[in-house]
Amino acid sequence: MSRTDVPAPSPADQHRSAGDGPADPRARRRRRAKRPLGARLRRDWPLLAMVAPAALLLLVFHYLPTLGNVIAFQDYNPFVGDDPLEAFLYSEWVGFGNFEVLFRDPLFWDAVRNTLTITAFQLVFFFPLPIFLAILLNSVLSGRIRGFVQSVVYLPHFFSWVLVITFFVQMFGGAGLLAQEMRQAGLEPWNIMTNPDTFIILVTAESVWKDVGWGAIVFLAALSAIDQNLYEAAAADGAGRWRRLWHITLPGLRPVIVLLLILRLGDALSVGFEQFILQRDAVGRQAAEVLDTFVYHNAIATQQWGQGAAAGLFKAVIGLILIVAANKMAHKLGEQGVYSRS
Amino acid sequence: MSTQISPAGPVPAGPHPTPRLRRRNPQRPAWEEPPSFLGQLGKGTALTLLVLAVLFPMWSVVVTSLASRETINDTGGMVVVPREIDLSAYFSIFSGGTITQAVWISTLVTVAGTTVSLALTVLAAYGLSRPGSVAHRGLLFLFLGTFLIFPGLVPSYLVVTGLGLKDSLWSLILPSAISVFNLVVIRAFFMNVPGELLDSARIDGAGEFRILWTIMLPLSRAVIAVVGLFYAVGYWNAYFNSVLFIDDNSKFPIQRVLQSYILAGQSPNVSGSSISLPGVTAYPPTLAVKMAVVVVTVLPAVIAYPFVQRHFTKGVITGAVKG
C-alpha cells in the first residue's frame with residue numbers, strides 16, 4: 001500500500017466521542033475506570049489475546065528494527081558474532097563517524113538531490129492530476145460511462161511495479177511498439193527507457209499511469225459531499241461554470257487537498273522504492289539513484305551496514321520532522337491536518 | 001460529511017446526489033446550463049484517451065502472447081492486430097520449469113500470506129475496537145505509531161536474517177503481514193456496529209470470540225473482502241522483499257522471474273524443447289513467451305478486481321478522509 005493512503009488516526013474515535021447513541025464511550029470509560037485492574041483484566045483478557053499476535057509481529061518486525069538503528073553509531077560487523085544480536089554487542093562504537101563519512105560522500109548528496117528534485121517535479125506534474133480527473137469524472141452525467149471509465153482507470157493501481165515498467169518497456173523501450181513503428185517509418189527510434197535526461201518525465205508518467213485513477217477516488221468522495229444547493233444558489237446568482245468551479249468546488253476540496261499535500265511533504269524523501277530499484281541499472285546512477293536505492297546499494301549490496309543504517313536513520317528523522325512540521329502548518333492554516341491537536 | 005461505513009453494508013458510491021428538482025434531462029439539474037458542443041467534445045476525447053492509455057498496452061501484450069512466430073516476424077515485435085490464436089507460449093510456460101514453479105510459489109505465498117494477514121488483522125481490529133478496555137490507548141498508539149516511525153532498510157534486513165528467515169518463504173509473509181491501514185479500516189467498521197447487538201449477545205452468554213465470529217464477521221463481509229483483496233494483491237505483487245531475502249532461485253516468486261526475463265533481458269528458459277502437442281509449434285517465439293508471462297502475472301488482479309470493485313470507495317475513504 002502506498003504511503004499516501006495513510007489514514008487519519010482517529011476518525012472513528014472522534015465520531016464516537018461525539019456521542020452517537022447509547023454506546024457513548026465517554027460514559028462507558030468512566031464506568032470502566034472505576035473497576036479494579038484485576039476485574040478489568042478478567043473481563044478484557046480475550047481482547048488482549050486477540051491483539052497479541054499482531055502486536056507481537058509489529059514489535060518484532062517494526063519496533064525491534066527501529067531500535068536496531070543504533071548500529072548507525074557502530075562500526076557494525078556481522079562476523080564478530082554468531083547472530084546479529086551478538087555481532088551488535090561486540091561491534092565497536094564510533095559515535096557519529098558513520099554520519100561524517102556519509103555527509104562527505106558526494107554520491108549521498110546526489111541521491112538526496114535526485115530525491116528532492118523528483119518529489120518537487122511530481123508535486124507539480126502528478127499531484128494535481130487526480131483532482132482534474134475527479135472533477136472531470138464528476139461532471140459526466142451518465143452513470144454508465146462514469147462507472148466504466150472508473151473501473152478502467154483504477155485497474156493499474158493493482159499492478160506491481162515490475163508489470164508497470166514492463167508495459168512501458170514494451171511500448172516505449174528500444175524493442176517496444178513505438179520504436180518498431182518509428183523504424184518502419186524510417187525514423188531514428190528513441191528509447192526513453194534508458195535516457196537519463198528524460199528519466200524524471202518517465203517515472204512521473206509511470207506513476208500517473210499507475211495511480212491517477214486511484215488517487216481520484218478520494219477527491220470524488222469529497223466532491224459528492226459538497227452541498228448541491230450551493231451550486232444552485234450560485235447559478236441563480238449568475239455564476240457560470242468556471243466561477244462555480246472556483247468558488248464552490250475547489251474550496252470544497254480544500255481539506256482533502258491539504259491533507260494529501262501534508263502526507264506527500266512528510267514523505268518528501270521517499271519517491272517509491274521498487275520503481276527506482278527496477279530502473280536504476282537501465283538509466284544509471286546519475287539520474288536514478290534516490291535515497292532508498294542509495295541505502296540499498298551502499299549497505300546491503302556492499303555490506304557497509306553502519307553507513308547504510310546512518311543514511312536510513314537520517315531519512316527517518318528528517319521524514320518525522322517534515323510530517324510534524326507540515327501538520328503544524330496545516331493547523332495554523334485552520335485545517336484539520338493528519339492528526340488532531342490533542 | 002460523514003464517511004463512516006454503515007454496518008448494514010456499503011452504501012453505493014455514486015458521487016452524484018441528484019437534487020430533487022424539475023429536470024429537462026433526467027440527470028442534469030435544472031439550474032445547470034446546457035453544455036457547449038466543444039466542451040462535450042473535449043471531455044469525450046479526454047476520457048477516451050484515458051481509457052485507451054490503460055487498455056491499449058494490455059491489449060497489445062495479450063495479442064502478442066497469442067501470436068505465432070510468423071506474425072511476430074512480420075510486425076517486427078509487438079503485435080496490435082490479432083491474426084490467429086496460438087497457445088503454444090502458454091503450453092510451454094505451464095509445462096514445468098522456472099515459470100510454473102514461480103507461479104506456484106507466488107500462489108502459495110499469496111494464499112498463506114492473505115490468510116495469516118486477514119486473521120491477525122481482524123482479531124486485532126476487534127481487540128482494539130473497545131475504548132476503555134485494558135491497555136487500549138497504549139496498544140492503539142503501538143499500532144498507529146507505525147505511520148510515523150520507520151525502521152529503515154538495514155536494521156529490518158538484519159532482524160529478518162537474524163531470525164533465520166533468509167531463503168524461507170516466511171520472510172515474504174511475516175515482516176509485511178500487518179497493514180495498520182487495513183486494520184484501521186476494519187476497526188472503524190467494527191466500532192460502528194450498534195452496541196445493543198453486542199450487549200444482547202453478551203447477555204445470552206456469548207464470549208468475545210463468539211461475538212466476533214457470529215456477529216461481527218457476517219456484518220462486515222464486504223469490508224473484509226476488500227481488505228483481503230488488498231492483502232492478496234500486495235503479496236502477489238511483492239518484488240523487492242524477494243531480492244532481499246530469497247537467494248535460492250527455486251523459490252523465486254513470479255514478479256522476480258518476470259523482472260529477470262523482461263527488464264534484465266534473460267531469455268526465458270522454458271522446458272519447451274520437447275513439447276509435441278498436435279498443432280502446436282514446438283518452439284514458441286521468445287517474445288510470445290515473455291508476453292505470456294506478463295499475462296499470467298496480470299491475471300489474478302484482473303480476475304479478482306470486478307468482485308470487490310464496488311466496495312473500493314468506502315474502504316479507501318474511511319481511512320483517508322476525515323468525516
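Glycine residues also receive a Cβ, built from the backbone N, Cα and C atoms like all the rest.
Among the features that TrEMBL reports, region 'Disordered' is placed at A:1-35. According to TrEMBL, the compositional bias 'Basic and acidic residues' annotation covers A:13-26. The annotation transmembrane segment is assigned in TrEMBL to A:45-64, A:116-137, A:158-179, A:199-224, A:245-263, A:305-326. The domain 'ABC transmembrane type-1' feature in TrEMBL is assigned to A:112-326.
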Beyond the flanks of the transmembrane segment (A:199-224) by at least 6 residues, Cβ under 8 Å: 2, 4, 117-118, 121-122, 125-126, 129-131, 133-135, 137-138, 150, 152-157, 159, 161, 164-165, 167-168, 192-193, 249, 252-253, 255-256, 260, 271-272, 275-276, 279, 283, 287-288
Distal contacts, the transmembrane segment (A:158-179) - CB-CB under 8 A, six or more residues away: 189-194, 202, 205-206, 209-210, 272, 274-275, 278-279
Same-chain residue ranges lying at least 6 outside the transmembrane segment (A:305-326) that approach it to Cβ under 8 Å: 68-69, 71-78, 94, 97-99, 101-102, 108, 261-263, 265-270, 291-292, 294-296, 298-299, 337-338
